[in-house]
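For reference, Swiss-Prot has these:
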- 1-84: region 'Disordered' (REGION)
- 1-15: compositional bias 'Low complexity' (COMPBIAS)
- 24-40: compositional bias 'Low complexity' (COMPBIAS)
- Ser33: phosphoserine (MOD_RES)
- 43-54: compositional bias 'Basic and acidic residues' (COMPBIAS)
- Gly850, Pro851, Asn852, Met853, Gly854, Gly855, Lys856, Ser857: ATP binding site (BINDING)
Amino acid sequence: MPRGKSASGGSTAAGPGPGRQTVLSRFFRSAGSLRSSASSTEPAEKVTEGDSRKRSLGNGGPTKKKARKVPEKEEENISVASHHPEAKKCLRPRIVLKSLEKLKEFCCDSALPQNRVQTEALRERLEVLPRCTDFEDITLQRAKNAVLSEDSKSQANQKDSQFGPCPEVFQKTSDCKPFNKRSKSVYTPLELQYLDMKQQHKDAVLCVECGYKYRFFGEDAEIAARELNIYCHLDHNFMTASIPTHRLFVHVRRLVAKGYKVGVVKQTETAALKAIGDNKSSVFSRKLTALYTKSTLIGEDVNPLIRLDDSVNIDEVMTDTSTNYLLCIYEEKENIKDKKKGNLSVGVVGVQPATGEVVFDCFQDSASRLELETRISSLQPVELLLPSDLSEPTEMLIQRATNVSVRDDRIRVERMNNTYFEYSHAFQTVTEFYAREIVDSQGSQSLSGVINLEKPVICALAAVIRYLKEFNLEKMLSKPESFKQLSSGMEFMRINGTTLRNLEMVQNQTDMKTKGSLLWVLDHTKTSFGRRKLKNWVTQPLLKLREINARLDAVSDVLHSESSVFEQIENLLRKLPDVERGLCSIYHKKCSTQEFFLIVKSLCQLKSELQALMPAVNSHVQSDLLRALIVELLSPVEHYLKVLNGPAAKVGDKTELFKDLSDFPLIKKRKNEIQEVIHSIQMRLQEFRKILKLPSLQYVTVSGQEFMIEIKNSAVSCIPADWVKVGSTKAVSRFHPPFIVESYRRLNQLREQLVLDCNAEWLGFLENFGEHYHTLCKAVDHLATVDCIFSLAKVAKQGNYCRPTLQEEKKIIIKNGRHPMIDVLLGEQDQFVPNSTSLSDSERVMIITGPNMGGKSSYIKQVTLVTIMAQIGSYVPAEEATIGIVDGIFTRMGAADNIYKGRSTFMEQLTDTAEIIRRASPQSLVILDELGRGTSTHDGIAIAYATLEYFIRDVKSLTLFVTHYPPVCELEKCYPEQVGNYHMGFLVNEDESKQDSGDMEQMPDSVTFLYQITRGIAARSYGLNVAKLADVPREVLQKAAHKSKELEGLVSLRRKRLECFTDLWMTHSVKDLHTWADKLEMEEIQTSLPH
């Protein structure tokens, strides 16, 4: 239908009514007006998009007539050429040329290269405009202003901040002057609103809700286009990009995974309520509703409907997020002497907002920062909160930790001003926070417990409190009695980061994945929270005999029980969602109705089914640990499920969420008002039937537009003049009588107010549920323990696993033990060769030699892993095992330099060894693999010999020492009661080709590895055999074999000389001297004696 015609069929075409002027004003506004403002029923930005489309479609033909009906105020801002269409066609190319000339002025030789590149791109963008364009002159003026604004904005970006425009722009924003003098263009109200929010959150990428989509502006748009692979274009004064609202969670997660802090800005008012408000002529009000980083991904914006909507592909946006720790590090330098050495006191606080877990620690660390590295390796944080100034060794460690990760796994680093870490400021922050948060009867004790923490911990805690307040997540810190100390020497075995890495306890060293690690072998859990707890068990083996045996008793109970009760409980666990994360999301009041319903319904079903199993549990479960866990699980959550309307909760309809509104009087009142309006509209239907003389007339609803009266076009003449035409087709027309118009407007206002009221009541409902948070968390922790026990029981069922015997004595006795990971990886087709171990006070050191690739490193790792599994509370891969409690495990394995620390391979070895010497105790297990390599043979032997002797004589720990230096084995003669020499068994095979070729062609011996630990010394390492297996060229092998034979002959000769002259020195008679000479002649070495 031509635009010139009236919506009512032409009856009002004589003059533009108020409604018509409202429509026209959308298309023709002054340069300083709000282009994105809308009618009373549409979001502003939605109209903006429509305007641009309608303008481009309506500038030709029929709409030229319409353009002359613009009000005078609007016409004053339009170019004079608009009154002379013919002249305007001639002027438009000139305007384009002027814009290009203006653009060339900015591309001066003094401009930066990147400025020139950007301006050239803008010139190309402008040249695309046709020479005889159909755009209005006002549109061309805005295009020219946008080009100039983009150029000035790029210069301002390079001059100052990486976000948004230059400081001058922010100054103008604060002064409420929507005019950019540098670019001579006008900021729209939406842009001013964005600038104001951007000034408050300069370090965040902002997603701004605009109707049915979220928009990015400025550099945020360029970041989004680059990282999300979406389209970015120039609009007014900023580059802009957009995403649909229903895909927000996908794109927010992707940006967060890249390391960005992302803010979500939402509209805080609706069209109907805005129409009756005081600011109905201004832009929609918006505010920042959520901030997200890698550690704070909590909220319904980023959590899709897991297990309620099968169409959502979770793998599309997230990987394994089992641990999302935020780790805050603070270091307190000591006196000048310690400062020179690099020693200092370090405090760390780690929080996992997704689960509510809080850990802390305070420790003394050396210049190597090994203790801090251990905490980072154990927690594997995704985000670090650091002071702006740290010591050089710590900065190098942080750089190394963040650079090790790849792609989206990179650790995000957040810096905070040093002032917030100062003790006086931190103490005030902590006391104010807990004085406000703690109001229970035990509040004073909790507050005193926090204040009595070490100073570095308080400083780190204050920074965490301040940081989490940005995300409204500080509530998780309100229960300091639930804080856990990360490394307690009285509770957990000491395992540093080097040991975690060398033993591949959490991830393998090949591709840094879980497969091939100890955690992978033990993990048969059915729940996410159980998997997280098992990881803590693996990295923190127990020290208390009673707790270890309690776990072993529970595993044994599950393993040997013939009842089906355990299988039924395991099936219940398999059905559970991630209740721990869900409860934490509820506690922070960031969950959706779907998530709340899923969590509460799952807990209610679990409770009822466990209640039915309680008789069988009491009669068949012998373990006190399991019985206590299951009984304490029961928690009253049925009340909250009964209140909810399931179908409404699943679709997120908060207006119909509550069944009984007696506890929600505000919602009840609002619904009554809505019903009254609907009732009055229905009552008027009889009157409309009489007017139209249609007894069967009914309201119709089309495309969401309600209460329309539909009349055939042939009967339109009977419609009263004051009725408003809403829409039409070829057959019918639809109208709203004046009463319906007013009532429908009131109805929409009440409905939108109902939504706001329901949101407020929903938050209050979550607050009420949050009172049970800590009780329910305790129940979930018990469930996680049950899941871990079931997982360890599955490991024990694999075959040839035994229950270890734990003792307080210092001993490790293993009969036919196997390496847990290699045993599983080889499978049944390749049989792993078992080996036994016997370490105790009678023989606490094993010196292990043998050929390369003979299995020495695998053997010492096997002994260590079996010990760790025993103290976790797991069955172990052996026929028998008796393990004395080990307070710490220290390893020095491998050979690699450290470029970040500027250390060579040999320096790295000695640094780790020095740290072990300082930390190890008589109750520790020490593993040293080929210490001394990387330098000359004499220096290597000397260091290896002296270090091992120190451990034997002074440290007195259980030690496994692997070496290729035969002189080290002589320590067995010096300490026969403490040291034993062993080697990995092998067979030397004579090569037939070698025999055929004769002595002229030397080839290395062929060695068959037996992989069996055997008492005694291996005189040779048979390295040439490894070269042969590696397909080293034959001529190289021949030369190497010949040289090896020659060197062995020289060494043997020197040894014989030494023995010969030792015997001569011990000779006391002529007879003995003749005997020595005869022996010398017999051995035929006279000619080799020195002259």
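Cβ coordinates are placed from backbone N, Cα and C, and glycine is handled just like the others.
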Provide the number of Cβ atoms within 10 Å of the Cβ of Met853 (ATP binding site), excluding the reference atom itself.
20
Around the ATP site formed by Gly850, Pro851, Asn852, Met853, Gly854, Gly855, Lys856, Ser857, which additional residues qualify by having Cβ within 8 Å of the site's Cβ center?
Met984, Phe1009
Around the Cβ of Pro851 (ATP binding site), how many other Cβ atoms lie within 10 Å? Please give the count over every shown protein chain.
24
CB contacts for Gly850 (ATP binding site) [other CB atoms within 10 A, all chains]:
28
Let me know how many other Cβ atoms fall within 10 Å of the Cβ of Asn852 (ATP binding site).
17
Out of Gly854, Gly855, Lys856, Ser857, which of the binding-site residues has the smallest number of neighbouring Cβ atoms within 10 Å?
Ser857
